[in-house]
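*Asks:* Handing you a structure now.
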Amino acid sequence: MSSAPTASAPHATSPRPMTASRSDGLRGRMRVPGDKSISHRAFMFGAMAVGETVVEGLLEGEDVLATGRAMQALGATIEKRGESWHINGLGVGGFLEPQGPLDFGNAGTGVRLAMGLCGTYDFVTRFVGDASLSARPMKRVLDPLRAIGVEVVEHNDNRLPIALRGPRTPLPIEYRVPMASAQVKSCVLLAGLVIPGTTTVIEPIMTRDHTEKMLAGFGADIQITTEADGTRIIEVSGLPELKAQAVTVPGDPSSAAFPIVAGLIVPGSDLIVENVLMNPTRTGLLTTLSEMGGQIEIINRRLSGGEEIADVHVRHSALSGVTVPAERAPSMIDEYPVLAVAAAFAEGETVMENLGELRVKESDRLAAVARGLEANGVDCTEEEERLIVRGRGAVPGGGQVATHLDHRIAMSFLVMGLASDRPVSVDDRTMIATSFPQFVPGLGALGARFTEADA
Ligand code: S3P
């Protein structure tokens, strides 16, 4: 298997600090890599389908490659041929007992979905990850798995390392997801695939719906009812025959967020980000930036692989502070760090609410963002679930930002440095490879000034 997903885990490398400096206008066109959420699921669903799934546009970031290695350890065959990835799956219920622990590196999506995917099997699977992932809460997925009858053989206060053994007879459950989390919803739905009968997930607040859409596309029997108050009831029938598919992965809106915000804040910028997923569960940032006065034009809307995609044309803009509605949080949950950067360059106060989930991402993002803003002379207030940024149209910069193994913190503050008065440094940029390996060269080609700094 010459081009299997073999890249080394990011935590195996030493930190590489980087500095971003005030740049001239960013100009040109850029294509961001494939969507991370869809890429993880393409490997997982391909591994469960009968036949050969072919994936185009996969994100070849460390997080997704870790999922690919885990699917290989469970018996799937994965090969890269030319630009496409070929996955030969084992059928639902067909995974083999892995010979060693499954290492998900930095990836919460990878590990939480995989616990649903193979945690119900009647063998022991051990899940491990890097320091960031090992600090993240897993009780949110262990709770429903325990209700199904899964034995948690090993855990560290409900954190990794975790070992699971499925029951002889797993039970279908009805599970109301207690927090807005697509990962928890997906974990339960994936577990339901190997449980006879109907597994039901109740989702009071809609989150990204890639699992539902892709399961339907692979041939699962999945029914969704939406009640008057927006609550979604998702029912999946166990033991379907999933059939291999051709999957085209659209560009990741969460990665597109970085060149888009850079284009808005760097004077003289005029750029186009191509091929961006427009699924409404993912576009909250574009709505918010437009409300702030950002000149953002969605052009060339088209369909690709069952999803709407478009190109995003961005020009440097004078931004004003806004209050972001609390209910918008799930559709832009990964974008708050870079929104905070945009808010720092706006005039006036930006209020961000309902941010509790940010505390349990790759880092405590609420705290990491607030410290990074303060280090660069931006006035802000961090509350338990809110962040208030008081923008003054310009940012002094000059700060050193601690990234806490968090790719989105690193990229957000590198974007800040492209427009601040003095350069901004981050203590490490290696983990950017988990989601957006082309970030530095890609923005560099548009005119961004990044320099390697000394450790
Ligand atoms: C994801 C769900 C979100 C998001 C993450 C990807 C997914 O996490 O932050 O980057 O692919 O399902 P939560 O489910 O914890 O909100």
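Cβ coordinates are placed from backbone N, Cα and C, and glycine is handled just like the others.
From TrEMBL, here are the annotated features:
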type	residues	note
ACT_SITE	D334	active site, proton acceptor
BINDING	K36, G108, R136, Q183, R365, R408	phosphoenolpyruvate binding site
BINDING	K36, S37, R41, S181, Q183, D334, K361	3-phosphoshikimate binding site
COMPBIAS	1-17	compositional bias 'Low complexity'
DOMAIN	25-441	domain 'Enolpyruvate transferase'
REGION	1-32	region 'Disordered'
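Looking at the shown structure, can you explain where the listed features end up?
*Replies:* D334 (active site, proton acceptor) carries a helical DSSP state (H, G or I). A sphere of 10 angstroms centred on the C-beta of D334 (active site, proton acceptor) encloses 24 other C-beta atoms.
Remark: R136 (phosphoenolpyruvate binding site) has G108, R159, L160, V360, K361, E362 as non-local neighbours, by Cβ distance under 8 Å and separation of at least 6 in sequence.
Secondary structure at K361 (3-phosphoshikimate binding site), as computed by DSSP, is coil. With a 10 A radius on its CB, K361 (3-phosphoshikimate binding site) counts 21 other CB atoms from all the protein chains.
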*Asks:* Other than its own, how many Cβ atoms are within 10 Å of the Cβ belonging to G108 (phosphoenolpyruvate binding site)?
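*Replies:* Result for G108 (phosphoenolpyruvate binding site): 21 other Cβ atoms within 10 Å.
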*Asks:* Output the one of S37, S181, Q183 that, of all these binding-site residues, has the highest number of other Cβ atoms within 10 Å of its Cβ.
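*Replies:* Most Cβ neighbours within 10 Å: S37.
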*Asks:* I'm trying to understand the geometry here, so how far is the Cα atom of R41 (3-phosphoshikimate binding site) from the Cα atom of Q183 (phosphoenolpyruvate binding site), in Å to the nearest whole number?
*Replies:* 11
*Asks:* Hey, what's the widest CA-to-CA gap across K36, S37, R41, S181, Q183, D334, K361, the 3-phosphoshikimate contacts in the record, in Å?
*Replies:* 19
*Asks:* Roughly how many Å lie between the Cα atoms of S37 (3-phosphoshikimate binding site) and Q183 (phosphoenolpyruvate binding site), rounded to a whole value?
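*Replies:* Here the two Cα atoms are 10 Å apart.
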*Asks:* For the recorded positions S37, R136, S181, Q183, D334, R408, which sit with their CB under 6 angstroms from an atom of ligand 1?
*Replies:* S37, S181, Q183, D334
*Asks:* For R41 (3-phosphoshikimate binding site), just count the other CB atoms lying within 10 A of its CB, please.
*Replies:* 25
*Asks:* Near K36 (phosphoenolpyruvate binding site), which residues of its chain come within a Cβ-Cβ distance under 8 Å, counting only those 6 or more away in sequence?
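*Replies:* Listed in sequence order, they are L59, G61, D63, V64, T109, D252, S254, S255, S435.
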